[in-house]
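Quick look at what TrEMBL annotates:
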ACT_SITE  GLU105  active site, nucleophile
ACT_SITE  GLU109  active site, proton donor
DOMAIN    25-219  domain 'GH16'
CARBOHYD  ASN113  N-linked glycosylation site
TRANSMEM  12-32  transmembrane segment
Amino acid sequence: MSSCSSSKLSLMLFLSMSMSSLILVAVSGNFYHDFEIMWGGPRARILDGGQLLTLSLDRVSGSGFRSKNEYLFGRIGMQIKLVPGNSAGTVTAYYFSSQGPTRDEIDFEFLGNLSGQPYVLHTNVYSQGKGDREQQFYLWFDPTRNFHTYSIIWNRRNIIFLVDNIPIRVFNNLESRGVPFPKSQPMRIYSSLWNADEWATRGGLVKTDWTKAPFTAGFRNFVANCCAWSSGSCSTKCATAMQRRAVLDAAGRNRLRWVQKKFMIYNYCTDFKRFPQGLPPECKR
Ligand SMILES: *[C@@H]1O[C@H](CO)[C@@H](O)[C@H](O)[C@H]1NC(C)=O
């Protein structure tokens, strides 16, 4: 498999020229090589010679996988096709996480819904064990019809969440204001499909319809550019590139505004009720 095809290069669409130097190591994944099934054994399957992975949830249990490699910075993502039809009560989690109680974590979680009702994309950032930085979005497409790309750009200065290469959220390094930033703990990529009908859909009002089980989501085209954390270090070239902030160009900034205006349904930074003592420091302009 080519490791740096032009379609991978088009991932850079909304980023400034300075970002293009970041394509140093482009690894297109094979699920056999790069991932391992973590739990739910027979409900997680690697197919098509490693090109496709499916997770299922049935009455017995869900399933999950994780990357064998750890990553420290880079542009990392894959394509996901979510549980179709009545997926209410199911959650497909897809996240990047280090280990231990002071872990860093960058989360995408897809909360299922009744047929024809919108999924919610829930995002969060944990640094040194502390999260509480949720933003939620509706998507501008039906995420169950086709595969769509969900990725992050992660460097020392900021984290950008992207959906089909459209930036939806930027989390800046504001250590200068005392906000810890994930920058020293390598992370694995995790995904799991599980039942969360006590809270996921309309706050738990809509329960999982087990007559529709098994519920199945598909994963493919894993791509990681840069810092695979092997033998304890990134390549120097890559580590240097990752000192730099990823800068959105004008088109990227417009897209980000568009998503935040039209599709964001929750932002912790505007939840004054939740933070009566004042919003978290990273929320101040
Ligand atoms: C499910 O659909 C309802 C009704 O459109 C909506 O209010 C809700 O945000 C959707 N998503 C979830 C996860 O409940």
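All positions are counted from 1 along the displayed chain.
Positions of Cβ are set from backbone N, Cα and C atoms, glycine also.
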Listed recorded positions with Cβ under 6 Å from ligand 1, out of GLU105, GLU109, ASN113: ASN113
Cα separation, the residue listed as 'N-linked glycosylation site' to the residue listed as 'active site, nucleophile' (Å, whole number): 25
Cβ atoms near GLU109 (active site, proton donor) (within 10 Å, other residues, all chains): 19
Neighbouring C-beta atoms (10 Å sphere around the C-beta of the residue listed as 'active site, nucleophile'): 19
